[in-house]
Ligand SMILES: Nc1ncnc2c1ncn2[C@@H]1O[C@H](COP(=O)(O)OP(=O)(O)O)[C@@H](O)[C@H]1O
Ligand SMILES: [Mg+2]
């Protein structure tokens with residue numbers, strides 16, 4: 001059963017259209033991540049789902065009921081804000097009971113619910129404190145607690161972790177995931193951090209300039225990005241894009257990189273859309289889909305691979321892996337490899353490209369081929 | 001009344017010893033001079049409230065007292081004749097109290113609600129509404145006299161304290177709305193959004209979230225309105241007469257009272273009675289006033 005549906009949704013502020021024809025649906029219990037760069041309209045979309053903003057046109061449907069004209073309180077949702085938005089003059093307990101109080105839930109039930117949620121989030125010792133006396137991580141927990149006491153149809157999160165330091169962010173991320181698995185409610189989670197989206201979501205909606213670019217599972221988004229924007233936005237370090245030409249070969253098609261020595265990289269049959277001889281394409285390959293040719297790793301796994309020489313200009317060891325910046329056929333490239341196998345800067349070394357993982361895009365429309 | 005918030009750089013404590021002494025002498029000398037200058041009227045009035053009338057007439061207003069008496073205070077409060085009414089200033093003091101307290105409470109209450117609505121809720125032409133309300137801040141009181149006379153007459157509350165309460169409440173709303181709106185703008189909108197999702201409406205958000213954040217600006221409004229309305233004189237003089245006047249207008253009537261013989265000592269005591277409440281409010285509330293004007297709503 002679908003728990004949230006957004007149909008042909010548009011939103012303008014004055015003459016500026018910030019959401020353009022958004023279509024989304026989330027199944028019951030799903031965790032949907034809305035991801036995209038700052039200013040692309042994620043928060044606006046979330047506010048519209050919450051009922052804090054009106055739509056310009058289109059429909060928002062929660063559990064098969066059009067809620068366009070319903071007030072936020074009647075939509076049965078709970079929201080966690082980036083700023084946490086804890087009521088500064090109330091204690092943690094009062095922050096958590098305020099929503100129940102507004103809904104005239106009796107005192108005994110309120111106490112029981114607070115106890116349960118405080119226990120779940122381990123915030124019992126904080127119940128009598130004011131938000132001003134809490135650390136950032138504790139405020140974050142309380143903000144989640146305030147949402148959890150409600151047991152709503154939908155949980156909405158607006159960049160809930162972006163005010164935490166890096167370490168706490170990773171901790172809270174897995175905690176949110178655990179909570180979602182435990183509570184099992186449909187969740188819409190806004191973030192500009194593609195790693196958060198990848199790790200948490202069952203489906204990811206990638207947005208850019210008010211347009212929904214792709215809506216799919218994390219795996220599909222990562223492996224078969226719909227366009228250059230999605231390919232570049234998801235994944236770190238970024239996917240490499242090379243200008244190339246399609247050439248016909250005996251078995252099908254291959255690629256010749258612009259500015260290279262003319263070596264043909266054979267494409268896997270059927271892995272890409274219709275191609276024609278001489279067609280210009282953007283060839284996308286992720287940094288981790290290169291590996292040193294000497295190791296023969298792709299061959300061992302039975303994957304189709306091609307060897308390309310890479311001139312390394314700079315290396316950035318992160319400890320677990322080493323990021324190499326260099327050139328392939330005169331075009332800049334980023335490659336990730338194991339620290340032990342990394343060549344020294346200045347060296348030219350052969351790398352295999354795993355051709356089963358690469359993407360092709362139209363250089364003009366930037367759409368996937 | 002402002003308290004030192006942080007230790008500022010002190011230029012007087014730098015340089016050579018001689019230079020430090022010289023510059024400190026100049027600064028403190030000037031400050032003392034001006035302080036005495038501003039305090040002197042209060043001091044002179046205060047002294048004259050104890051001096052016998054013939055002594056004042058003989059030696060002038062500014063002179064050291066020879067004999068002193070407490071009796072003029074009592075006379076000023078309860079038996080002195082003003083405009084043919086021999087109840088002292090107590091009657092007018094009560095009039096002013098009955099005018100100032102309700103007008104202060106009402107204008108502050110309306111200001112809080114207006115400020116909240118104008119800063120946290122969007123409605124059609126809200127910017128115009130705010131602009132028109134705050135226009136009152138810049139409108140000279142003289143310009144409003146005729147319209148008010150008309151309104152008070154129509155409502156049948158001319159020459160009543162109730163009429164003055166109405167005038168001061170409405171006139172004060174311009175200020176309190178401006179103060180409160182500017183203060184509430186700093187309250188994060190997310191708090192209101194969170195409360196709306198929690199199921200709270202306009203009034204519950206006001207009572208439970210905004211009002212508890214309001215003490216600093218509430219104190220500013222109360223002090224501003226209380227001292228302003230207490231000391232106000234034009235509306236009182238124009239719209240009331242005789243025993244219905246507030247104390248400020250009644251004191252002016254001194255000059256026109258009786259046969260022309262002036263009771264400077266009793267008048268001095270009356271003036272101090274009239275000035276005391278705003279003075280006390282400032283002495284005890286002044287630091288909160290300054291603090292309220294400079295503090296944000298949420299730390
Ligand atoms: N109330 C508003 N009035 C006018 N423009 C707005 C308003 N809210 C958001 N916008 C604009 O809409 C765009 C999307 O904003 P937002 O949804 O907050 O982006 P995101 O959350 O993805 O960073 C931005 O360009 C922003 O300036
Ligand atoms: Mg945002």
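Going from the start of the chain as shown, residues are counted 1 onward.
Including glycine, each Cβ sits where the backbone N, Cα and C put it.
Remember, it's a predicted structure, so these values are computed and weren't measured experimentally.
Per TrEMBL, the stretch carrying the note transmembrane segment among B:51-72, B:205-226 is B:205-226. Record note: among B:4-25, B:92-113, B:92-113 is the stretch given as transmembrane segment by TrEMBL. Between the transmembrane segment (B:205-226) and the transmembrane segment (B:125-149), the number of CB pairs under 8 angstroms, six or more residues apart, is fewer than three, so the stretches are not in contact.
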